């Protein structure tokens, strides 16, 4: 597992020289702010054989770190920027990851698809994000929005939209990243 993260880091840094994939380029910062941050999802949900969609995955966060740690999930990476999907195809191949689908497009175009878990990190404000993500969460599934610490206003603005789209319970979980003072908030929505 450590080897996969090392290779992922090297590829991210190398490809970032050609394409703007991330502003974070220091290996230690990549580990903390991309990998550890991505894995906070595991503090909110258990992943065993579920179908997982990562909306607006960018350079593969949180989807690829979750797939490395939980290889039995069926992962769909959704990204609207072609250069990023090209990078994702390369990384998935070089890491030898199985059961990974990469979609060049938007979540709004996938309304006929349903997933056990839909995650999104650094994509949009919560009201809009709920509109993108909740329609592709299957009944009984979970939507996790990965946010910063100051989420109260955004959460209040999104409550009506979340309920309208089938969200039955909303929980905000504050999680501190390891060996840092960085706090992330996971908005966990269970769908009816």
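Cβ atoms here come from the backbone N, Cα and C positions, even for glycine.
Keep in mind the model is a prediction, meaning the values are calculated, not measured.
According to TrEMBL:
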BINDING   56, 61, 79, 80, 81, 107, 108, 121  S-adenosyl-L-methionine binding site
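On the structure: features taken from TrEMBL.
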| residue | record | Cβ within 10 Å |
| --- | --- | --- |
| 56 | S-adenosyl-L-methionine binding site | 22 |
| 61 | S-adenosyl-L-methionine binding site | 25 |
| 79 | S-adenosyl-L-methionine binding site | 24 |
| 80 | S-adenosyl-L-methionine binding site | 17 |
| 81 | S-adenosyl-L-methionine binding site | 15 |
| 107 | S-adenosyl-L-methionine binding site | 25 |
| 108 | S-adenosyl-L-methionine binding site | 14 |
| 121 | S-adenosyl-L-methionine binding site | 24 |
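In the three-state DSSP reading, residue 56 (S-adenosyl-L-methionine binding site) counts as coil.
A helical conformation is recorded for residue 107 (S-adenosyl-L-methionine binding site) in the three-state DSSP classification.
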